[in-house]
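Features reported for this protein in TrEMBL:
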- 12-36: transmembrane segment (TRANSMEM)
- 48-69: transmembrane segment (TRANSMEM)
- 105-124: transmembrane segment (TRANSMEM)
- 203-222: transmembrane segment (TRANSMEM)
- 228-245: transmembrane segment (TRANSMEM)
- 252-273: transmembrane segment (TRANSMEM)
- 279-308: transmembrane segment (TRANSMEM)
- 320-339: transmembrane segment (TRANSMEM)
- 390-407: transmembrane segment (TRANSMEM)
- 414-431: transmembrane segment (TRANSMEM)
- 451-476: transmembrane segment (TRANSMEM)
- 483-501: transmembrane segment (TRANSMEM)
Amino acid sequence: MYLVLLYGPGIVLGTLLGLRGLVTVAVAPAVTYGVVGAATPLLGKLDIRWNLGTAAVVFAITVVLSWLVGRFVRPLLDRWTGRGEVPDEATDEVPADEAHRTRKILAVLVGLGFAAVIGVVEVLRGMGSEGIDSVHQGWDPAWHANYTQWITDTGDASPLRAGDFQNWSSHAPTYYPSAIHALGSLVQQVTGQNAVRLINMDMLLITAVLVPISVAALTWYVSRRNALATSLAAAFSASFSIFPIDQIWRPALPFAIGLALLGPVLVVLLTGVTRHRGLIPVAALALVGIASVHTSVAFCVAFFCFWWFVVRALKPRRELVGEFLALAALGALAAVALAPQVKGILSQAGRVATFDWSQGVSTIEASRQVFGFGFGDDQLAKFGFHTAQTTQYLLAVVVTLSALVALRHRRTAWLTVTYLFFALLSVHASVPHWKIIGLLSAPWYNDPWRTAAIACVAATPLVGIGLASLGGLLRLPGTARPYVAIGVSLVIFFASGFGYVDQNAKRVERGYRPGVLDAHEVEAMRELPRVTGGKGRVLNDPYDGSVWMYAISKQPSVFTHYDVGVLSDDQWYMVNMLNQWDTNPAVRAAAKRLGVRYLYLATDEIYGSLARPKGYLGIEKVPGVKVVLDTGTAKVYQLPDLG
């Protein structure tokens, strides 16, 4: 059902807006998210709840608008390029004969299926025995699970009103892109799945479905429909640790989903700019989609397009002016659709730019990590969160040689340039030298892991292109070339331990092995509604894993994320002076306003680095406080009656 809701609307709208063939399927999730991202801010302003009924009405309206655009606007835009109907694939100039085309599609499907199997094995092995019921131990998943559950319960999916969730007591405004949470809420309403499962399904979706399809779409486009290159690139897409694996266990979920949608969006965008400008509306809608998933991915599109245009402009031609104008028109159209979110986006820009994820390593070591596709524990060691060094030398060699091969043709050279650009940004983010370069990585939190992941998006298609070119470079007979490419690929696959599957599974495991949460604490959270009667909010330590409470048991807590946001005065009294309950009337008054009757405390802290709030220390000694639930590593205290 998740796949139906994710792909179904996008396929329908993409078809109405002029897409044909497999590219319609590939870009469908971005189009679906585009509708969600454009609608939810407007619904929030009108105080209309987001639910299945509202989503159905939004979809119906969008279908009508798409039909009108496809019927009347698209032909006018196509005249701009002097072309008519889009062929079966948006990247086909002349459709191949049916049998040949079928063989190509089957070859690509083999690569996609191979990657899907590898991706599923990596993620499920990493999740452990509980599979998709496992609770992630990292920083961000609790926010995404809780936010999804909150949208389901309240119907408020506007990204401009995320503060109503995070800062429910202080009412401080917060912007957060909500497209994946809003769609996840619909999945919840249809299937009844809990939010923990939804987040884990996202992890599987990224690795086994979205990334392979994205890589295949981009490779198909830049290689001029080379099925061998496309299949091999897709097959290796689940083998890279930096992306998608490291963006799962860290994790950076919305960023990873947005990045996994980048390939098809670029294909439709560049096709619309160069050859079929009737596709500009659907490209703009897809761009809105990935911006609504995570704003920083829109900057990825901008830089990919910039280097594509620079390389293309090396050979002056009359079409360049028209292509530049088409790019500008497409960007303007997307900006109009994103206009309701602009204020919120700008409100976060300054905060994002201030992040510093420098690793304190040498430039040589930073380069080894990026170009060797193997980050280690240098960055997260200060949080007590260790990972093994995992340089992927075989992939590094293949990418390096393939990048050189790609430089021979302008159609592929821009991918090499883009790969090098983001790889160097990642090195600089690890070892900052020049402020002006730091400004370029600001949209990605100055994070070497994120910029390296973007570089990986450009590098992965190069693997397929390089391997498929091997026979030609060796001047082998045409019939032997595919077998050589496949043979070398199999050697790499087996020599790397089945595509680094064990290594990647262990990295996913880093995010799921018991840390801040254990089974006894999860058990306590599941028991909470019975203890509290489901009434009020449970006071909690924001750093001991209890922020998962709402997603696990639907029991609202005072703090819903490790990042506590803007504290209200009442929350301040709780975390700083709760242990003065019997002597300070202001503490009791604050608890009454918050609706707090219970306190949940567990033993561990996130990454072992954040201390227990001082107001909770010695709470068991306060007269009238009693333990009502004890599972060994978690306790629930009932606070004295407020009268």
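Cβ atoms here come from the backbone N, Cα and C positions, even for glycine.
Same-chain residues lying 6+ beyond the ends of the transmembrane segment (105-124) with a Cβ under 8 Å from its Cβ atoms: 22, 131-132, 203-204, 207-209, 211-213, 215-216, 220, 227-228, 230-239, 244-245, 248, 498-499, 501, 504-505, 508. By the Cβ criterion (under 8 Å, sequence separation of 6 or more), the transmembrane segment (320-339) is not in contact with the transmembrane segment (390-407), since fewer than 3 such pairs are found. Nonlocal intrachain contacts for the transmembrane segment (414-431), taken as residues 6+ away from its ends with a CB within less than 8 angstroms of a stretch CB, comprise 222, 303-304, 307-308, 310-312, 357-359, 361-363, 366-367, 369-371, 399, 403-404, 406-407, 437-438, 440-441, 444, 446-449, 451-452, 454-455, 458-459, 461-462. In summary, the transmembrane segment (390-407) does not lie against the transmembrane segment (279-308): fewer than three C-beta pairs, each 6 or more positions apart in sequence, are under 8 Å. Contact check: the transmembrane segment (252-273) against the transmembrane segment (483-501) gives fewer than three Cβ pairs closer than 8 Å, residues 6 or more apart, which falls short of the contact criterion.
With Cβ pairs under 8 Å as the measure, the transmembrane segment (451-476) is packed most heavily against 228-245, out of 12-36, 203-222, 228-245, 279-308, 483-501. Below 8 A, the CB atoms of the transmembrane segment (228-245) and the transmembrane segment (483-501) form 3+ pairs separated by six or more positions in the chain.
Counting same-chain residues at least six beyond the ends of the transmembrane segment (279-308), those with a Cβ under 8 angstroms from any Cβ of the stretch are 13-14, 17-19, 27, 29-38, 69, 73-74, 77, 86, 90, 159, 177-180, 254-255, 257-259, 261-262, 264-266, 268-273, 326-327, 329-331, 333-334, 337-338, 341, 345, 348, 352, 414, 417-418, 421-422, 443-445, 450, 454, 457-458.
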